[in-house]
Structures are given as C-alpha cells and as structure tokens.
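These come from TrEMBL:
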ACT_SITE  250  active site, proton acceptor
BINDING   77-79, 106, 128, 130, 156, 226, 248, 281-285, 304-305  FMN binding site
BINDING   165, 250, 253  glyoxylate binding site
DOMAIN    1-341  domain 'FMN hydroxy acid dehydrogenase'
C-alpha cells in the first residue's frame, strides 16, 4: 500500500517499533493535553480561500536567516535517531540535504556532530543546544559545531528539568547499551548515566536570559531561542538580540497545560513584528497545517515526530518521502487557497 499521508507513516512506526521505543517517541508530559492540543488546534482553524488568482506558478522557496531552502518545512531537533534507524542522524542529515531544507541537530544525537557533518557535507544545519552544568563541555560543543560549518545555534529554553513522561516511567525506558549520546562519549562513567544516556541533573536549571550574552561571547553563529510561547518572552528575545524564535512547547513533553503552538504564534508574531524571524514546531501533520502556520506569521515550520516515523519506515528514503508529501500537500493547499507570497 502506498504511503499517502503522514498518518500512514505513524501507523507503520507504531506497528513496527518496540512498545518502549514507540512510547518514548510518542510520549507527552503528564496527561498529554498539550501534546494532543498541538494537533487539534489546527483543525479549529479555517481558511478564507481566494479564487481566480492564477496559480499556474507556485513558489515554495523561502530563506532562513538569509539561506534559501526549497520549502518552509525543516527538521526539528529530536534525540536518539538510531532507535528508529541504524544510521540514525546520518540518514536524517542526508534526507534534509536531498530536499534542500534545514536540519536542526539535537545535542542528544546518537551520531556525533562530526559524523553528521560528514554524511551530508553540503547540508544546511543548525545545532540545538542544552546548556549543561559543566559549562566547559557546552563551550567545547559550541566550538565543535561552529568549526564543522553548522550555521546557527538553537538554544532550547523550556527544559530546566525534564517533564514527567509517564509512559517512560511505566516502561522503565532505557537507552539500549549499544547506543550513546555520542557528542559526550568518553566524558562520563557509564554506570552513573540515567535512562537518557547522561548523568542525572546534567542540564543547568539556572540558565536565564543573561546566558544569551555568554553564548554570544563563545560564537559568531546566530542564536535562535526555541520554546517561546508568550509575547513577554518574545519581547525579551528581541531585547537580548537573538536572531530568531521557535514557538515551541517541546511537542507537549514539558509543561502539560500550556498553549498549542499555533495558538501561541499570533501574539509572538505581533510582538516581534519584523525585528526577527519567527518559526514554529509542534503538531504539523499536513501541508495545510504548514500553510495555516505561514498565514499566521511563521517564516518556517519544523517537524519532529514525523521525522522519526519516516526513518522507521525506510531510513533516509522514508524521511524523504515524508518531506516530499508535505511539499506536495503544501503546493496543493497554496493553489486551492489562492495563497500568494
């Protein structure tokens, strides 16, 4: 049976993956209200289509901080891609490069940043960063990714502590022994690491807006802050001179009861105006979802769980199919809605 939509890949992954892995990918925090609302919120939004607009030529290209991509869908940072496919993040990097879009590589990758860069040397990549208690490790990692040609630094702001993911607790989820958080391999004794492959309390909960200045002292890379959901924090991002915002609630994996990202987008865009670029992740499942986010002011969207479903299906090829479906659906939605850039 052909894979027609992203839910086909979701169904395949749910049937194929071990239950503990599926639950880890699918998990939200607590009662999963925010995770579910990320998806449901799109269904409450309606288009106002325009007719007779000459849609014979449809241009999906956009730019992220000056770099052109083929269409406004990138790959959000998610960890542990080897749980979905043996080549892990190397396959992700190759698929993103083949589709000429942006791949935000996770700190918690199961391939080292050097392997990822080598897998797709011409790919457009940003690096997602957690600031750790050992600031020297963070500094070294920032220097590594800049030297490797990553083009942006994405600071995740919504994880001073890990949200309560009940499924992982019920399943006693553990990263398999042969998989490592490769960017920190050799830095810790394995017997002290937690289920997610790093020592407990590894992320620094004291991070605050002043750490933006510290990051700027380490790198010339543009800084994008991921996890903004309010106009107040959007204003602080502007005041601290970051180059972009990702409206994100971590896929509903952190604070349960926060807003769906598409619902939070408008107030963030209204506050920022044209002072920086605003992106969004969370709940994107169709090309029409992408178009709704663009119409409400997002410059680009990023997908997380669908990336893992595509990798589970056929690795690089499966992820390219996921991206191609979104590309085709976006073009069709633009044409039918009379959307003109």
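Just so you know, glycine gets a Cβ as well, placed from its N, Cα and C.
TrEMBL entries are annotated by machine, without manual review.
Surrounding the centroid of the Cβ atoms of 165, 250, 253, where the record places glyoxylate, the chain contributes additional residues within 8 Å, namely 27, 28, 29, 35, 162, 163, 251, 252, 254. In sequence order, 38, 247, 248, 249, 251, 252, 260, 261, 262, 304 are the residues of the chain that are 6 or more apart from residue 282 (FMN binding site) and have a CB within less than 8 Å of its CB. When the binding-site residues 77, 79, 165, 284 are ranked by how far their Cα is from the Cα of residue 250 (active site, proton acceptor), 77 comes first. Counting every protein chain shown, 23 other Cβ atoms lie within 10 Å of the Cβ of residue 253 (glyoxylate binding site). Here the binding residues for glyoxylate are 165, 250, 253. Their largest Cα to Cα distance works out to 12 Å. Counting every protein chain shown, the Cβ of residue 304 (FMN binding site) has 21 other Cβ atoms within 10 Å. Per-residue confidence over the domain 'FMN hydroxy acid dehydrogenase' (1-341) averages out at a pLDDT of 96. Highest local Cβ density among the recorded positions 165, 250 belongs to 250, counted as other Cβ atoms within 10 Å over all protein chains shown. In the structure as shown, the Cβ atom of residue 248 (FMN binding site) sits within 10 Å of 27 other Cβ atoms.
Of the listed binding-site residues, namely 77, 79, the sparsest Cβ surroundings within 10 Å are found at 79.
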